[in-house]
Amino acid sequence: MRAIITFALFCVLYVTVQGKTSSPKVQVYSHFPGEYGKENTLICHVSGFHPPDITIELLKDGEILPNTQQTDLAFEKGWQFHLTKSVTFKPERGQNYACSVRHMNNKNIYSWEPNM
């Protein structure tokens with residue numbers, strides 16, 4: 001009987017957790033202040049999302065940047081997840097750098113603001 005109650009509680013918890021959808025919060029920034037022609041790291045940190053069905057791409061003028069690195073998917077309290085993707089780059093004047101995030105059926109693009 002105890003096993004049945006435990007299983008039932010597990011099922012209720014599973015359904016409750018699976019039923020909550022949270023949109024991602026996205027931050028796009030660089031490791032150092034942006035300076036044209038100087039090597040830097042472009043970072044896209046995505047947090048607070050559920051379920052963990054997500055794709056992150058770093059872009060230069062709409063094209064996917066190669067040689068990116070991605071952290072392992074991790075979760076926070078409340079079963080919300082976070083993930084970070086980064087790449088080494090040299091900002092060029094007139095180029096647009098961005099992070100594309102697809103979560104579930106929603107896709108958004110977030111631009112990097114170099115503050116130069």
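Each Cβ is built from the backbone N, Cα and C atoms, and glycine gets one as well.
Taken verbatim from Swiss-Prot:
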type	residues	note
DISULFID	C44-C99	disulfide bond
DOMAIN	24-110	domain 'Ig-like C1-type'
SIGNAL	1-19	signal peptide
Coarse DSSP state, helix versus strand versus coil, of C99 (disulfide bond): strand
The domain 'Ig-like C1-type' (24-110) - residue tally per DSSP class, helix then strand then coil: 3 helix, 51 strand, 33 coil
Overall pLDDT for the domain 'Ig-like C1-type' (24-110), taken as the rounded mean: 96
